[in-house]
Amino acid sequence: MKSVTGYGLLVECFWFALFCGSATHLLADSVYHKWEKLYLVHHWPVTVCMMNENECNNPPMYWTIHGLWPDKAAECNRSWHFNISELKDFMEDMREYWPDILHTNHTHFWKHEWEKHGTCAAQLETLNSQKKYFQKTLELYRKIDLNSFLSKVGIKPGSTYYQLTAIKEALESFYNIMPKIQCIPPEEGRLQVIGQIKFCFTKEFTLRNCTEEQSGLFSALEDDFFRTEDLSVCNDTLTYYPSHMKTHKHFAANVVVI
Ligand SMILES: *[C@@H]1O[C@H](CO)[C@@H](O)[C@H](O)[C@H]1NC(C)=O
Ligand SMILES: *[C@@H]1O[C@H](CO)[C@@H](O)[C@H](O)[C@H]1NC(C)=O
Ligand SMILES: *[C@@H]1O[C@H](CO)[C@@H](O)[C@H](O)[C@H]1NC(C)=O
Ligand SMILES: *[C@@H]1O[C@H](CO)[C@@H](O)[C@H](O)[C@H]1NC(C)=O
Ligand SMILES: *[C@@H]1O[C@H](CO)[C@@H](O)[C@H](O)[C@H]1NC(C)=O
């Protein structure tokens, strides 16, 4: 008797697991492909080089595009392959503002960005082709014009250090929103190094605050192309904004107040 019950239970469990398994799978799929806001991610090429030692020379001395990322989704359509011909009308801008800092051939980077992030962003009609996605990103980058803003207010790379709060206040007073600023955490006796600035947009492409995502399963989206997954939100302390790749020997030397 006991063994029969045991068997029945086992069969039920089997069907239950099968059902639950596929249900969770479907659920995961749809949840993973849902997103709310877009990050326009700028990175500082010198810092990217510092994080990928010996892999680059002559990084651009301006903030370049890392990507345009939906906040909670990745790889939404694996059969939508990258096609570089779609970028041919604005290839010059791609090379200048969205370069692969580590490699001379940028194709692999752009392919990665499309497949991981673009295929999810493409849920919007305004971004539903590769041409639209890359072009819109360039347009948003120009609109933000971060490089001009930073140099206008005197935040320049070099051997000076900035209080992060000063950078934050300057950005917030100009853009009226708070971008997300990420740094390499300080090595022993050194300062944090600024690495990425993420501006958040609504699905209608208006700037919004990058309020912190709730922690949990879907919150840890970071791109792994340049090992920037080692970056974390900067703390309100002194911050190094490097103009060259050599690790900074000094610290807390020249603090610039802006
Ligand atoms: C995925 O992309 C392919 C190729 O563009 C397209 O035909 C298909 O409809 C897309 N699938 C979804 C679910 O969007
Ligand atoms: C790639 O894009 C070009 C230009 O839009 C188009 O003519 C071509 O058919 C596309 N190739 C593939 C494989 O989809
Ligand atoms: C760059 O890499 C892509 C993908 O590997 C390849 O198809 C292409 O020919 C390369 N371009 C150049 C200029 O080497
Ligand atoms: C963004 O957050 C700041 C406070 O950090 C607030 O003053 C501002 O009104 C917010 N802006 C928008 C557009 O929500
Ligand atoms: C900021 O401080 C937190 C908590 O001490 C730490 O985990 C994080 O790594 C720090 N981030 C940076 C960029 O230093």
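Every residue number used here counts from 1 along the chain in the order it is shown.
Every residue, even glycine, has its Cβ placed from backbone N, Cα and C.
Quick caveat, the model's predicted, so the values are computed rather than measured.
Annotation source TrEMBL lists signal peptide at 1-28.
In this view, His66 (active site) is surrounded by 26 other Cβ atoms within 10 Å of its Cβ, with every protein chain counted. As annotated by TrEMBL, active site applies to His66 (among others).
DSSP assigns Glu113 (active site) to a helix. The feature active site is assigned by TrEMBL to Glu113 (among others).
Of all Cβ atoms in the protein chains displayed, 27 besides its own lie within 10 Å of the Cβ of His117 (active site). Feature annotation from TrEMBL assigns active site to His117 (among others).
For the pair His117 (active site) and His66 (active site), the C-alpha distance works out to 11 angstrom. Straight-line distance linking the Cα atoms of His66 (active site) and Glu113 (active site), rounded to a whole number, equals 8 Å.
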